[in-house]
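Participant: Shown below is the structure under consideration.
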Amino acid sequence: MGLPWYRVHTVVLNDPGRLLSVHIMHTALVAGWAGSMALYELAVFDPSDPVLDPMWRQGMFVIPFMTRLGITNSWGGWSITGGTITNPGIWSYEGVAGAHIVFSGLCFLAAIWHWVYWDLEIFSDERTGKPSLDLPKIFGIHLFLAGVACFGFGAFHVTGLYGPGIWVSDPYGLTGKVQAVNPSWGVEGFDPFVPGGIASHHIAAGTLGILAGLFHLSVRPPQRLYKGLRMGNIETVLSSSIAAVFFAAFVVAGTMWYGSATTPIELFGPTRYQWDQGYFQQEIYRRVSAGLAENQSLSEAWSKIPEKLAFYDYIGNNPAKGGLFRAGSMDNGDGIAVGWLGHPIFRDKEGRELFVRRMPTFFETFPVVLVDGDGIVRADVPFRRAESKYSVEQVGVTVEFYGGELNGVSYSDPVTVKKYARRAQLGEIFELDRATLKSDGVFRSSPRGWFTFGHASFALLFFFGHIWHGARTLFRDVFAGIDPDLDAQVEFGAFQKLGDPTTRRQIG
């Protein structure tokens, strides 16, 4: 036929059998990719340290999605929460991956069958004998089935009635585990960080989908609406489907980037706003203050801070720090975290406690400035030593560590003090292994950043696709110069379907 690459889809325009075939093949490709990617990630994933080397630091992309739906065990004998297990059952990570690959193979065979046997009776109009689809009826069927699946997920899987539940954690991502979730029917269900809203919204949306599906199965669209929205044209279906997909992509890009109950920080890493707002820093200070109020020493109070909480309070885990074209996992950037060195507290020679001003998200370099409790600058690492008044040497700054590996260790040597002041700009200080993966020391983004960028980009692309195909179907008669109500389309000597010699070229 000699079709240009951008017109190849016209081959399924009036061919319901092969239209179905290519969609089944698309499902085969998607499921096959998901299963294969899962097996690849499992082959390279190291589950040995869920605290300092979690899945999101290792650049895992599909493992977090499996985990949030209730998969936690591997046939390799490990659990995502740490420790070993003896009976992971069929629905392990490998089991889910295998199920996707088997499903992909079955879809592949089904696609071939439907490509060969495309001319089925079910696709032909009994009155005219031509291929035709009752699109409003198909819409009703699909809406009904989607509603059943949505309701079933919310009522059974999420609630644990028949299923594992979902991943639920505390606000600081410390105690996450898979558990059953009760639906939240009150106003709290609309809080994006309340897991109960996931159950209740799926139940409500599923019920609505079932009722809407039954409505569209039992009520025919009015003739004017049918013609006005071109409901008999498959390109109308394409346009509205693209609209649904791009809308969903925009929504999930938002819930991923800003955070929600569906994107736990234990699985996808913290959000940039948690760094910007000092979210974890405030909680750490609150816990230390509570410890001091219970007559604990500073060392004891800091030693009780979970390493996991301290690790979140490190700029290297901020997804906005990764550059656009920096491929690879976070571990390939600043290295694999080995241990928390402890919290450094700086003091000048007068005994005032000094705080290092933290680096904002979008800075690559930032001046080292130490302020006192009132925000007054007391020390810095000057750019021009000749004019300095607040240098570490002049002010006599010392540093002492509390908690972590250097608990109780203090330094007064200015070179060492400046080294730790620079590192304190980046949050809590960790020992990082850059040798194992030959990490280059340049920050990378987490899967949270990749997912957001990918979905926002494709959503924008699909938005234009919706406008394009919507305009084509609504204004087809204008573009073609032909009355859409003609018995057979006459597109100035061209076939209705390019390369199809059976299409009539004129009426009669």
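Including glycine, each Cβ sits where the backbone N, Cα and C put it.
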Participant: Kindly point out the range from 5-20, 21-36 that Swiss-Prot annotates with transmembrane segment.
Facilitator: 21-36
Participant: Please work out which recorded stretch in 21-36, 140-156, 203-218, 457-472 has the most C-beta pairs separated by under 8 angstroms from the transmembrane segment (237-252)?
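Facilitator: Looking at each of 21-36, 140-156, 203-218, 457-472 in turn, the most contacts to the transmembrane segment (237-252) are made by 457-472.
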Participant: Do the transmembrane segment (140-156) and the transmembrane segment (21-36) share at least 3 Cβ pairs under 8 Å, sequence separation 6 or more?
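Facilitator: Touching, no - the transmembrane segment (140-156) and the transmembrane segment (21-36) miss the threshold of 3 or more Cβ pairs under 8 Å.
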Participant: Could you pull out which residues elsewhere in the chain have a CB under 8 Å from any CB of the transmembrane segment (21-36), counting only those six or more residues past its ends?
Facilitator: 12, 62, 96-101, 103-105, 107-108, 110-115, 118
